[in-house]
Amino acid sequence: MSTIIDGKAIAAKLRAEIATEVKILKEKGIIPGLATVLVGEDPASEVYVRMKGNACQELGMHSVKHTLPATTTEAELLALVARLNSDPTIHGILVQLPLPKQINSDTILEAISPVKDVDGFHPYNVGRLMVGKPTFQPCTPYGVMVMLREAGVDLAGKEVVVVGRSNIVGKPVALMCLQQHATVTICHSKTRDLPSKVKEADVVIAAVGVPEMIKGEWIKEGAVVIDVGVNRVGEKKLVGDVEFAAASQRASAITPVPGGVGPMTITMLLYNTLEAAKKTGEGNR
């Protein structure tokens, strides 16, 4: 049986450390501030934004939520982003995706000041990540890397297979693994013979959004499995991208769904916001 890499426990430990640092900043008159922007009424997005706001308040951060109608124009959203960019009480700006079809997501993400881009999606920060410079790292991949570190996994020389090539998870997590001296293979919908690729992996990172696509029998004995997927099956059941029951018989360590990578994503957002506040140093007094 595998060791379970408990995302909730790792996130709780990190949040306690963040809360301590927030207190220290507050003594200097700086309150880390996060602005979340939600356009429209997507139920899942509403839940995510609420969770982010609650998490901020729990750790003593300043949180502002902007909810705009689904009919909002790109120009109106850009105007809000510009105001937040110039607001000294806001250190991090998060525009919840997806956006309505009349708004170009890339245009909005590029309008966010790179020093407030706590999601790590601005091309400037993506470029810095690419060349290994200090930057805001995208929250989910960052969470994955912290979990691997906390689980005692040394990636140097390891065969890492990333299944999924999104800009949000697949590509950045592959880069981060490369920076830790892993040999990285990225698999996707056009990959030939996916099972044979996965079977070679010392570490599998699954981020495709297809329920239990990665079969347990594909996992090499003793491999580490990080399952980023969260897929709803039926009314209430949540499953990952990996066939958990079968994979956990072969893996040395595995993340569960729920309770694995999910709790880490918001925690790393809070960490990035804290770091942004430290850098700007002005704050909400």
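Placement of Cβ uses the backbone N, Cα and C atoms for every residue, glycine included.
Taken verbatim from Swiss-Prot:
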- G164, R165, S166, S189, V230: NADP(+) binding site (BINDING)
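Everything Swiss-Prot records as a feature, shown here on the structure.
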residue: G164; record: NADP(+) binding site; contacts (Cβ under 8 Å, 6+ apart): G170, C187, H188, I205, A206, A207, V208, G209, V228, D241
residue: R165; record: NADP(+) binding site; contacts (Cβ under 8 Å, 6+ apart): K171, I186, H188
residue: S166; record: NADP(+) binding site; contacts (Cβ under 8 Å, 6+ apart): A207
residue: S189; record: NADP(+) binding site; contacts (Cβ under 8 Å, 6+ apart): none
residue: V230; record: NADP(+) binding site; contacts (Cβ under 8 Å, 6+ apart): L238, G240, V257, P258, G262
Exercise for the section: Can you see whether DSSP assigns R165 (NADP(+) binding site) to helix, strand or coil? Expected result: coil
Problem - Three-class DSSP secondary structure - V230 (NADP(+) binding site) - result: coil
Practice task
Mind computing the max CA-CA distance among G164, R165, S166, S189, V230, which the record assigns to NADP(+) binding, rounded to whole Å?
Solution key: 18
